[in-house]
Amino acid sequence: MSPQTETKASVGFKAGVKEYKLTYYTPEYETKDTDILAAFRVTPQPGVPPEEAGAAVAAESSTGTWTTVWTDGLTSLDRYKGRCYHIEPVPGEADQYICYVAYPLDLFEEGSVTNMFTSIVGNVFGFKALRALRLEDLRIPVAYVKTFQGPPHGIQVERDKLNKYGRPLLGCTIKPKLGLSAKNYGRACYECLRGGLDFTKDDENVNSQPFMRWRDRFLFCAEAIYKSQAETGEIKGHYLNATAGTCEEMMKRAVFARELGVPIIMHDYLTGGFTANTSLAHYCRDNGLLLHIHRAMHAVIDRQKNHGIHFRVLAKALRMSGGDHIHSGTVVGKLEGEREITLGFVDLLRDDFIEKDRSRGIYFTQDWVSLPGVIPVASGGIHVWHMPALTEIFGDDSVLQFGGGTLGHPWGNAPGAVANRVALEACVKARNEGRDLAQEGNEIIREACKWSPELAAACEVWKEIVFNFAAVDVLDK
């Protein structure tokens with residue numbers, strides 16, 4: 001270790017303020033397999049060198065503070081401190097740098113996403129020496145991954161539970177999201193499920209409001225599930241949102257869902273919190289419930305390119321905390337999401353081993369050592385004309401979720417569900433025959449319209465609906 005960066009408590013305590021880079025900028029450091037590695041996009045204040053800014057991030061997110069303290073001598077800072085070990089300028093940005101920081105594993109409580117984030121993205125984001133700060137990616141070491149249960153069941157177990165293979169799953173968010181009575185809500189679910197969807201969904205802000213209390217909703221949705229299963233011979237589900245004001249109330253709702261015998265429940269993991277989410281994921285594994293995760297509030301955290309936390313980090317955190325599905329954007333719909341960035345974190349959700357690939361925004365190689373995978377959910381402003389692109393982009397291990405794209409059908413919910421199911425089956429059949437969905441997608445849908453009046457009506461309604469807005473968060477060139 002460089003004499004400049006070694007913490008020498010033995011020479012005695014010397015009060016005062018010293019530059020962070022003297023202790024926390026260590027370009028000669030060789031990272032360990034057990035280190036948690038972080039890539040930060042740092043925008044220093046004018047006059048602050050990048051080395052000082054990177055070192056400040058490492059210090060303030062580990063053992064450092066603004067001044068020397070005598071209690072430094074009571075421990076080994078060299079063992080516990082974070083280290084900024086590499087800095088690179090961001091192409092095309094005069095004042096932005098990617099600063100790489102290594103954290104020793106001993107800094108983190110086992111199995112706690114809450115503790116990991118409290119350390120890495122805690123006070124440092126308000127640090128005055130930085131104009132902006134964004135956590136772009138984390139490398140979670142194998143030793144830390146193994147302290148997490150992860151998703152309650154994972155992709156293969158879900159397929160086996162549902163007995164559905166070889167195609168994406170279809171879902172629908174019930175609209176209007178607020179204001180329906182429980183009985184009318186259940187009726188809407190039933191119509192969608194009997195029409196051919198695999199799932200219906202509570203919207204993220206449906207909890208237990210005066211117009212529809214949670215217990216009533218659970219009962220009517222369970223009735224819809226069982227009735228549609230009896231009619232279609234397929235296993236159906238509804239994402240019953242168990243999110244609540246307290247963990248105790250959340251668990252009470254999860255227990256009631258299990259007693260009803262439904263296959264899946266739901267949680268808003270960012271607004272509900274990682275501690276609550278991990279507890280719920282453990283309960284779901286122990287009791288055979290699938291867990292659908294909504295990412296409400298994510299864009300507050302991840303949308304701005306130079307400040308916040310990138311969604312690929314939030315996706316990794318969810319895989320550790322636990323969830324069988326998570327919303328991932330659509331690339332083609334109404335919500336933010338560049339194709340290569342989206343496919344990068346979709347791989348981080350589903351695959352077991354993901355190589356570093358900066359062209360898709362992946363800063364580190366990640367080994368999940370067989371932690372179960374998470375199914376990405378494409379949802380937001382999509383309709384039947386998007387089906388070929390969605391099937392091509394997301395593949396079989398995904399949920400394609402059409403809210404307005406089902407309920408907005410001119411003939412009603414069930415025909416809307418039929419249209420989506422026919423479009424999906426046509427795309428899967430064409431893909432399996434070797435046709436190019438990206439090039440022939442519209443033709444495939446038009447061919448299917450000839451033998452499905454429901455699909456033809458849907459195509460007519462949404463033939464001119466597009467969302468042509470550039471993504472805010474794009475890859476560095």
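Every residue, even glycine, has its Cβ placed from backbone N, Cα and C.
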Candidate sharing the substrate site with ASN123, THR173, LYS177, ARG295, SER379 (per Swiss-Prot), from HIS86, HIS238, HIS327: HIS327
Cα-Cα distance linking ASP203 (Mg(2+) binding site) and HIS294 (active site, proton acceptor), given in Å to the nearest integer: 9
Residue among the binding-site residues ASN123, THR173 whose Cβ has the most other Cβ atoms within 10 Å: THR173
Listed in sequence order, residues with CB under 8 A of GLU204 (Mg(2+) binding site) and six or more positions away: ASN241, THR243, ASP268, THR271, HIS294, ALA296
Winner by Cβ contact number (other Cβ atoms within 10 Å) across the binding-site residues LYS177, ARG295: ARG295
Nearest recorded site to LYS201 (Mg(2+) binding site) by CA-CA distance, among recorded positions ASN123, THR173, LYS175, LYS177, SER379: THR173
HIS294 (active site, proton acceptor) CB neighbourhood, other CB atoms within 10 A: 28
